[in-house]
Every structure is written in structure tokens, then in C-alpha cells.
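Enquirer: Here it is: the structure, laid out below.
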Amino acid sequence: MTELDAEALCQQLAAQMRPHVTPATALVGIYTGGLWLAERLHTELGITQPLGAIDVSFYRDDYASKGLHAKPQRTEITFNVDGAHVILVDDVLFTGRTTRAALNELFDFGRPGVVELAVLLDRGGRELPVAARYCAHTLAEPLPRSQNLELQRDEDGQLTFQLTQTPAVER
Amino acid sequence: MRNPQLNKHGELQHLLTLDGLPREIVTTILDTATPFAAVAEREVKKLPLMRGKSVFNLFFENSTRTRTTFEIAAKRLSADVVNLNINTSSAAKGESLLDTVDNLCAMHADMFVVRHAASGAPMLIAQHLQHTGRDDVRVINAGDGRHAHPTQGLLDMYTIRHFKHDFTNLTVAIVGDVLHSRVARSQIAALTTLGVPEVRVIGPRTLLPTEVEKLGVRVFHDMSEGLKGVDVVMMLRLQNERMNGALLPTPQEYYKIWGLTADKLTLAKPDAIVMHPGPMNRGVEIDSAVADGTQAVILPQVTFGIAVRMAVMSMLGSH
Amino acid sequence: MNILISNGRVIDPARRSDSVQNVYVAHGKIVALGSAPDGFHAERTIDASGLVVAPGFIDLAARLREPGFEYRATLESEMEAAMAGGVTSLAIPPDTDPTLDEPGLVEMLTYRAKKLNRAHIYPVGALTLGLKGERLSEMAELVEAGCVAFSQANVPIIDNTVLMRALQYAATFNFRVWLQPIAPFLGRGGNAHDGEMATRMGLAGIPVAAETIALYTYLELAKITDARLHITRLSSAAGLALIEQARADGMDVSCDVSINHVHLSDMDIGYFNPNCHLIPPLRSQRDREALSQGLAEGRINALCSDHTPVDDDGKQVPFSEAEPGATGLELLLPLTLKWAERAGVPLMDALARITSDPAKIIGITKAGHLSPGARADICVFDPHAHAIISRENLRSQGKNTPFLGLELPGKVRYTLVEGELMFDH
């Protein structure tokens, strides 16, 4: 799995998205990996709308059993959501639950015109009817639940994938 | 004996007092409150975190203001809120405190927000819930006697951090009726826990409790001396019933000596902030020019109070 | 019944004797120690090997809650507790409902107690009618009815003129007056020692001065009235110092302390434990050490249980609203032994504080010692056995004590009252 080149996938994703970007397009990254990716794409694609960030801690469906994430981050969406063309950006698409939570939160800011989803990697294992409009890579075989795949960012801002054997965080 | 507000893993189970609460927990609550503060600026000021949970505001002592802030906080978290104002001052002996709690538990309460005139009442409820095996029900102390008002203490810390960023280089003065103040006790506990190097209390000897210096504060009776060079001035409310009698001769004399005026405030640092837990007695403990002045952060305190209470409720509301 | 208590370690503090020997009991009295009197035939033999044989304990303050508070405890339940605690004589404070200010009431109580045939009771009459501090009670009549002294329990007299007259009147007959040092106003509404703990917990404080001011008043009035004064339930080092000063000035004044106050301090309130809500309040650790030391050296004359059964309704409320008091009859021996262990007090001296010393304060001559001819009130206990104090094991109807859950030394095995075996475990 480590042979996945996050940097290369990033370029591919940008290439996929470029034809569809208009001056009205806004990006919203999902903490933490998705936001790094969105920051990249924001520059790469020359997006003019301010970058949005969502922390889905307050909308997670496993709050009742798992409690609040240790340090939730501030969700910040400064563009006008009403009627906007929004692309949600996440690093890895898994169960689809994070996307669901992000959509719910987004709608508490207004009624967007179009919402699309862009991800670097689809690891399979969907539990909700969610599909990415833009996806750089789809794994041939779904990753076992016991494995966790996450984007990492080093001091130089380089993006890499990290695979751990910890129980999967539902995504 | 286990601290009744922590579970066996040392995690916060109830919020009863800030005295003895580990620094990491206090900091976590403040950190968690930050994103909640942003929710108030949204179109839809509501989060789904406590959907389907029942929060009972159990107020044995009247306080519209505190009850309202808890109510707003719970409602913004999508909880169902039931307000119970139980007047205990009536001579007729009603249902006992724990009977009331048992009854509400039978209605599947998930959380109690308790205000009571007797110090320790919320702790009694928490201990009772533990003894009767209802570990899933949470208690938040909304002010008990002279003992504690932890959410007020936390929102004050949030406010100080917002304006001053760091606690470890501050001088903070608490002014007024410390003796009868649960707010002051929670403030002192939080400030010392967060590493404020100098916490002062200022007031007449009649309004400072015995051995208050053992709580880690410096005692001043002279307002001018106590305010010298402070970064934060925390005013306390002087209750009407204390103003005329054996504690103080008159509100006029109190105002003259311990009331915060623009004049006295110049002794503090130029960028000092002025706080008050409300409701204010203008012209008794604080002059209007100060209360409405540029250094006052009294209204931000109220706003932050909701975020802090949302943070506490949502931290306790899961499991 | 003729009873032989064989091979026990017989400790009689009154005679300062401590040796393994037999005790012979007949016709309600101790008839001999050591060898059997002529013609003694034991109908029952109690093997006391490895056990201590001591005079039955004498408690200076045990509230049996009758009359008036039968829902908290009854004479029956508390007498059972006394027997299980080895307490064979107890003084009853007058704060019953109605108060012990009526000779008829005292006679009734004494009669009821006699019928139960358990511990001997020594009623302490109300010094003023209804403990109201206004009118004197019929002291002479009350003594005839069985009262051994007069007190205000823990209700102070506000008017010093009344207090002085009461002391004068009692002194006329040389009656004993037991006073608990509580100032009428200072500390009113308080429920904990006025110190760091109360400040931290936001409890209204009762300053030590509430005790010392009362003591100054009592001692001064006793001096000019020549009253026979006994001070009950000391709580502070300063209070004890005042009593010692008065003694140094030539006054004959005795005093006692409760088992709670030699073991606990305000720190033990912990997280608002309502069982630690007591009168007087638990004071600082320094005070506790001074009381413990004073008791060890006999400067405090006696240790008492201050037995005050309070039901759960009175305790399962916030600290300040909780009824003050704790159950104690069954804890008197274990806490005496525990105190002796902690303070390094010889067993003989420790037992003196709950036998011969309180006997002197009440004026009991027939009991409190093990001389031949004495009333056969005897407690046989195992000083080495330990037991955990639990609600289930307490016979008293009052299940509330700060010592719940603690393991304490000393188990009563046999209690004899007037030669009758009343408790056997």
C-alpha cells in the first residue's frame, strides 16, 4: 500500500477537477487530511473563493458511543453557501459516514446549489450511498476494517499515505 | 474516597467543582469550547450532538439568567430541556431532593443541571446516582451554596484566555464578597490550577473567609494597593441582603471604598480587563463608566458562557 | 445465677490491677476474684482465656431518642446496641421531646429502662424548663426522680442572668451541672469548623471562639456560684487550655470528649460526608491531637460515645441540612482501643476513661470497678479481634457514623448486667 504516491495522486486529482472549476467554485476540506489536500488544490486550481474547513466532530453518528473527539477544530466557512458550487475534499473515502456528517454540517451554513465530493483514494467498504465525483485512485480490493489508511504531512509539506493496524476510523 | 466527579479512569463524569480538577481537564474544556463559540455565528445555531437526550434544569434557587444560558446551551446541542423551579424556601416540607432525582430518573433523564442553596447538593446527587447504579446520568453544578459555580469559573477562564492568551504571566484580582461567593471559589481554584502566579482577593475583613490565603491567594484590604499592576479585575456581586447590617454598614460606604471606578481602574495595567459574573449592582460594586467602558468584557463573558456550557454538556453527554 | 468468668485478663482501672484470674459472680454482685468463695457453685462458666474482663463501660452521653423521637430509635433498639457495645451504664441527655424537665417523665423513662433490664440509665435533667433558658426546672424533684446532673444538652442559655441563677440553685444542693460550651450567637447557622476546609467547601463556619467564649462565661460563673461544673464534648485545644487554666487557679472542673473528636478532624468531611456533621463541629488536626493527648494524660477526664441515632432521612440531604449526630454506643470500645493504639496509651488508662473516670463524674460508686461487692456489670471482650463497621452489623437504629466501612479493633463477647448475662456473641 505504501507504494501509493500521494503526491502523484494529488496531481491526478487536480487534473480531473480542473475542467469543472469555475470562478464560483468553492472548496471545503475535511479535517485533517482532507484540509491539507484542499489547501493544495486551492492553490493548484487557482480557486478564488476562500477555502472552507469542516471538523465533523459535532456531527458524527458515533458520538453517543465514542464521545467527543479530544480536541475538535473550528469549522470555518466564510463564503456564502447559499447557491454555491461546493466541492467537499477528503483524503480517503471509506464508509461514507464522514461525508454524511460533513454534508449535514455544510447545510447548517446555508443551502448550496451543487455539492460534489473529491477524494484522493477510495478504499472501499461503503456503508452509505455515497460516491466521489472526483477520485484519483480506487483500490482493486477493499482494505480490511482492521487497517487504517491516513494521509500524513511532513515538515516540508510533502503528503504521504500511512497504513496502520489500528481499528479503522469510520470515514 | 474517589472524587465523585471523575470516573475510575479519571475522566470527567460530572462537573461539580473546579477545586481539585486536573489542569489537563480544565484545558481540554476550554479548548473544546472554542469551536462551539463559532457555532453561534452560523445561520443554523444548532448541533445534533445531544439529539434525543433529556436535560433537566433542576433549580432549587431562582436564577433566570443562569438557567437561560444552560437552556440555550442544551437546546443548541439539540437536547430536550425541561425546566424545574423548585422553591425550597417555603416552610412546608416537600419531596426530598433525592426523591425528586429518583422520580426524574424514572422519566429517563440523561443530565441534571442543578442549582441549590446548600453547598454540596449536586455532589450528593452525583453520589446518590453512583450508589444506585445510574452511572449514565450526568450532573452539572450550576451553583451550590457558597461552594462552587464551575461553569462560571470556566467561562471566566475562557474569557481571560481569549483576551490575555497566557495564564502564566498574569496578576488577577478578585474584588468583593468572597465569603459568600461560589463564583470566587471556582475562580480561585481555576486560576491557581492554570498557573496564574498571583491571584489577589480584595475586600473588607467581614467579606473574606477564614484562612482564605490557604487557597493560594494574596489578601488585600486596600483597593488601591490590590489593584496595582493587575491584568484582570474580577468583580463579585454584592447581594442586597449583605449591604446593610453586621457585614457592611451601607452600600454607599462600600462603593466609596471597594466600588470599581474609572479612577481606581487606572491603578491596574492600562490594558487590564474588567469582568463581572452578573447581574451587576451599578453604583455599588461597579461604576457605570467602568461597566460600559472599553476595558469591560462583561458581555463577551455571557456569550462565551454558552460555548463553555455546550462544551461541558457535550463532553459529559456521550459515553 | 452463679457465674464464673475463668482465666480472663482482668483489668480493673479503679484498683490499677491487671492480672489473669477468675471472677466469681453471684446474686448480681462480684463475690470474689482469684479463688472461689466457700460453697460457690458455678451454674455457668465463661471461658475468658485470651479475653479481657473489664468493668462494663459507662457512657456519659447516649441519646436513646425516647421520648419524642421514636422514629429514629427506641429504648429497645438502643439498649440492644448498648449491650452489644459492652455499655452497662449510660447517662441520657435531656434533649428528648418533651425535654427531661418533669419528674414524672424521668420516672417513666427510668421505669421503662428498668423493665427492659438492660443497661442502667442515669438521666441528666434539663437545667431550665424545655431547655429554653428562661425558667429553672424542679431540680430537687428531678433528682428524687433519678436525675444525676443537670444540663442544657447542646442548647445554650442566652441570658447569663438565668445561667448564673441556675448554677446558684444547683449549687444550693451541690448538684452537678454539665454544660456544653456553645456560645449562643457566634457561629450560629454554621455547620463546620471555621477554617481552611469550610472556606474551601463554602460551608458556614463555627469559630473556636464559639467554644472558648462560652467556656470563659461558664468558668467565671462557676467561680462565683461555687457550682460543680462538668464540661461536655470539648472540641478545641484552646478550650482545653482554658479548663486547665481554671484548674491551675484552683477550680475543680472535669470535662469529656466524644469518640468522634479524638479520631476525626474537619478534613474527614471529605466530599460533604453528612455523617461528619456533628455538634460541636470536627475541628482542625491540631485540635484533634491536643484532645487526644489531653485524654491520654487524664486532663480530659472521660471519653463518651455521644451516641445520637439519626435516620437516613436526616442524613441523605446536603451537608448543611443534615441532622447533626452519629451513632456511637457500639463504637465506644473499638474507638477507645483504636485511640489507645494510636496515642500509645496503656490499655489500663484507656479503659479508665470509659469506666472508673466517667463513674466519678456521674457519681456511680457501685459500678465502674471490679471489687468484691461491686455490682456485677462486666464486659468481656477480645482486644485482638477486628471487625468492619457496617450498617448491617450495627444494632442501633442509627446506622450513620463517620466510621462506616472502617476496620476497628475490639469485639465484645459477653456483657453482664447485675450478674445477668445480657449479651453473648
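Placed from the backbone N, Cα and C atoms, the Cβ positions cover glycine too.
Sharing the features that TrEMBL gives for it:
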- B:13-161: domain 'Aspartate/ornithine carbamoyltransferase carbamoyl-P binding' (DOMAIN)
- B:R65, B:T66, B:R115, B:H149, B:Q152, B:G278, B:P279: carbamoyl phosphate binding site (BINDING)
- B:K93, B:R182, B:R237: L-aspartate binding site (BINDING)
- B:169-315: domain 'Aspartate/ornithine carbamoyltransferase Asp/Orn-binding' (DOMAIN)
Enquirer: Which residue counts does DSSP yield for the domain 'Aspartate/ornithine carbamoyltransferase carbamoyl-P binding' (B:13-161) in the helix, strand and coil classes, in that order?
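Expert: Tallied per class, the domain 'Aspartate/ornithine carbamoyltransferase carbamoyl-P binding' (B:13-161) gives 63 helix, 27 strand, 59 coil.
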Enquirer: Let's see if you can do this one: DSSP helix, strand and coil counts over the domain 'Aspartate/ornithine carbamoyltransferase Asp/Orn-binding' (B:169-315), in that order.
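Expert: Across the domain 'Aspartate/ornithine carbamoyltransferase Asp/Orn-binding' (B:169-315), the residues distribute as 61 helix, 24 strand, 62 coil.
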Enquirer: Averaged across the domain 'Aspartate/ornithine carbamoyltransferase carbamoyl-P binding' (B:13-161), what pLDDT does the model get? Just tell me the whole number, please.
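Expert: Overall, the domain 'Aspartate/ornithine carbamoyltransferase carbamoyl-P binding' (B:13-161) comes to a mean pLDDT of 92.
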Enquirer: Hey, what's the Cβ neighbour count for B:R182 (L-aspartate binding site) at 10 Å?
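Expert: I count 22 other Cβ atoms within 10 Å of it.
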Enquirer: Can you tell me which binding-site residues out of B:T66, B:R115, B:H149, B:G278 are within 10 A of B:R182 (L-aspartate binding site) by Cα, answering none if there aren't any?
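Expert: Within 10 Å Cα-Cα: B:H149.
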Enquirer: Count, for each of the binding-site residues B:R65, B:R115, B:R237, the other C-beta atoms lying within 10 angstroms of its own C-beta, and report the residue with the smallest count.
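Expert: Relative to the other binding-site residues in B:R65, B:R115, B:R237, B:R65 has the fewest Cβ atoms within 10 Å.
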Enquirer: Any idea which of the binding-site residues B:G278, B:P279 has the thinnest Cβ neighbourhood at 10 Å?
Expert: B:P279
Enquirer: Near chain C, which of the binding-site residues B:R65, B:R115, B:Q152, B:R182, B:G278 can you find when the cut-off is a Cβ distance under 8 Å?
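Expert: From B:R65, B:R115, B:Q152, B:R182, B:G278, flagged as close to C: B:R182.
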Enquirer: Using the alpha carbons only, what distance in Å do you get between B:G278 (carbamoyl phosphate binding site) and B:R237 (L-aspartate binding site) once rounded?
Expert: 7
Enquirer: For B:H149 (carbamoyl phosphate binding site) and B:R237 (L-aspartate binding site), determine the Cα separation and express it in whole Å.
Expert: 14
Enquirer: Within 8 Å of the Cβ centroid of the carbamoyl phosphate site residues B:R65, B:T66, B:R115, B:H149, B:Q152, B:G278, B:P279, which other residues of the same chain have their Cβ?
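Expert: Those within range, site residues removed, are B:S63, B:T69, B:A142, B:G143, B:V183, B:P277.
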Enquirer: Please work out which residue of B:T66, B:Q152 has the most C-beta neighbours within 10 angstroms of its C-beta, and give that one of the binding-site residues.
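Expert: Buried the deepest by this measure is B:Q152.
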Enquirer: Cα-Cα, whole number of Å: B:R65 (carbamoyl phosphate binding site) versus B:R237 (L-aspartate binding site)?
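Expert: So the alpha carbons of B:R65 (carbamoyl phosphate binding site) and B:R237 (L-aspartate binding site) sit roughly 14 Å from each other.
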